[in-house]
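These features come from TrEMBL:
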BINDING   G135, Q136, T137, G138, T139, G140, K141, T142  ATP binding site
COILED    407-506  coiled coil
COILED    585-619  coiled coil
COMPBIAS  23-33  compositional bias 'Basic and acidic residues'
DOMAIN    49-391  domain 'Kinesin motor'
REGION    1-45  region 'Disordered'
Amino acid sequence: MESSQHQRRGGSVPRSPSQTPRSNDKSVRDLRSGDSNSSSKHDKDKGVNVQVILRCRPLSADEMRIHTPVVISCNENRREVCAVQNIANKQIDRTFLFDKVFGPSSQQKELFELAVSPIVNEVLQGYNCTIFAYGQTGTGKTYTMEGGARKKNGEFPSDAGAIPRAVKQIFDILEAQNAEYNMKVTFLELYNEEIADLLAPEETPKFIDDKSKKPIALMEDGKGGVFVRGLEEELVTTANEIYKILEKGSAKRRTAETLLNKQSSRSHSIFSITIHIKECTPEGEEMIKCGKLNLVDLAGSENISRSGAREGRAREAGEINKSLLTLGRVINALVEHSGHVPYRDSKLTRLLRDSLGGKTKTCIIATISPSIHCLEETLSTLDYAHRAKNIRNKPEINQKMMKSALMKDLYSEIDRLRQEVYAAREKNGIYIPRDRYLLEEAEKKAMAEKIERMELVSESKEKQITELQELYNSQQLLTADLSDKLEKTEKKLGQTENALFDLEDKHRQANATIKEKEFLISNLLKSEKALVGHAFELRAELENAASDVSDLFAKIERKDKIEDGNKALIQRFQSQLTQQLEILHKTVAASVTQQEQQLKDMEEDMQSFVSTKSEATEELRGRLGKLKDTYGSGIRALDNIALKLDGNSKSTFGDLNSEVSKHSRDLEDLLKELLLKLMLYLMTFKVVFTIKKRS
């Protein structure tokens, strides 16, 4: 294990930040590879938007205990954040769209895998990348970046933040690739616009009270970037070493308790990891690839009255808000493509210059609170984060260097350091007292700040001169336009004088015409009075007609309503009639078929009935003939008997007469009954025959 670590350490040698390879370095341009050249050109031409991620923390225990209303809702699938605001008793919903959104229930692992892990992979490909957390104090910036718990018993904590997870991923990938690499880290703090090195060794007690100890200056590298002079760099070989460095530096950070956060960060911190990886070209030539990851934890903006900051804490909050306000102005200037971007107004923006509008891939993690008490700061954070989405960086891969060239530069630096050590040991250099040295350093620092202020004044003056030059040019153009207008006006004046003489002649003619018109007008007035009288009469008639018309319209409206009702009734009747007709049609069809069947059955019955009745009629006729014969013979027999008995006795005759009359009545009743039955049979036959004929 020690031999492999020694081999990785020997793969490359650490360099200072000012010696990090850049695309415009002459020695690097001569040694760049073809692949990196094509990819850098592609990124430069295309440009990449800054990635903005929104994370909303859950309600704290105190907020849940007092039932604090929630005014923020997160839709992770649609990547939207909705804020509810009441203005003048009106609810206004504002929706913001981001690259990724993590709600109150999101976990550290989920945020890292979806947002931070791809950026770590790009660092290993040779890009410079920056991740920084931005938001109000107490919304979880430090928790997101560093996490809540430390590593215990060799186990990786579940709530570890982006920094330890990024370190673990870097070492896992490098170990899996079995690559030769070199890694160094820096950790600085920006407190009250003063830079402090969190990895610097502790000073001896006699120098603790010296405010001028180990001055750290922010310098321009002459290539559009900045670097921190005198910043300690720690060479690391394992993830545990970085965890210890991170814990050591975090313990030195300035924190304080406020009403919004029990451990509020009072300073900005930047943790940087620089990786040099050795690669071999197909020709067998060794190249060095460099990538840098900046992890920034900004101090939170806060409302001083709400956070309860007093005296020194209030001044700290003022400095924090001032630097964050400058950051907001830089974001606005970059989004609006302003000619002047105020990077120099704050050391924070100078440190983040390459991350905002430069050649670095940048990811902003905006943290907010869902509580209604923080709505104002939350909306401000959402506005700034939403505007930051429109910033476009032009990331470029750090150009690869040949190992021989890098070693040559490092050997020259070692020689320079040896000469300095030799001069210090032999006392043959230039030496000055410590107080004078510190005084000169303070004067240099004041002079550098003065130069910066003068450069700012110079830039503003140049801007004013440019504006004045533009104003002078516009005034010259305006003067030329006015001269042309004056000449045109003089010409128009001569034309106007000629027209005036013509108008005077026309005026005299007009006076004569006016007198004539006055006479006509007087006559017209008389006619007008008469017309007015007629007009009043017509007006009265028109009013009556108007009332009649209004009544007529009312009647028409009633008629229209009635007609509409009738139309509705007709429509309903038509629908009902159609239904009834359909039912009747079906019923008639069924009835017709039934009647046809009944007629067939009746025809068969009538045929059988007629045949039966004809036989009965013939039989009846025979019986009638027999009855007639019997009646005739009876009559004749009775006549004979009457004649015979006529002489016997009158009493006997009377009895016989009554008996005969009785027999006669019975016979007549029998004949009538037979005739009625015969008539009934005949009528039935006639009806059946008629029905059959009609069908």
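Glycine is no exception: its Cβ is also placed from the backbone N, Cα and C atoms.
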Other C-beta atoms that fall within 10 angstroms of the C-beta of T139 (ATP binding site): 28
Fewest other Cβ within 10 angstroms of its own Cβ, chosen from the binding-site residues G135, G140: G140
Neighbour tally for T142 (ATP binding site), based on other Cβ positions within 10 Å of its Cβ: 25
Segment confidence, the domain 'Kinesin motor' (49-391), expressed as mean pLDDT: 80
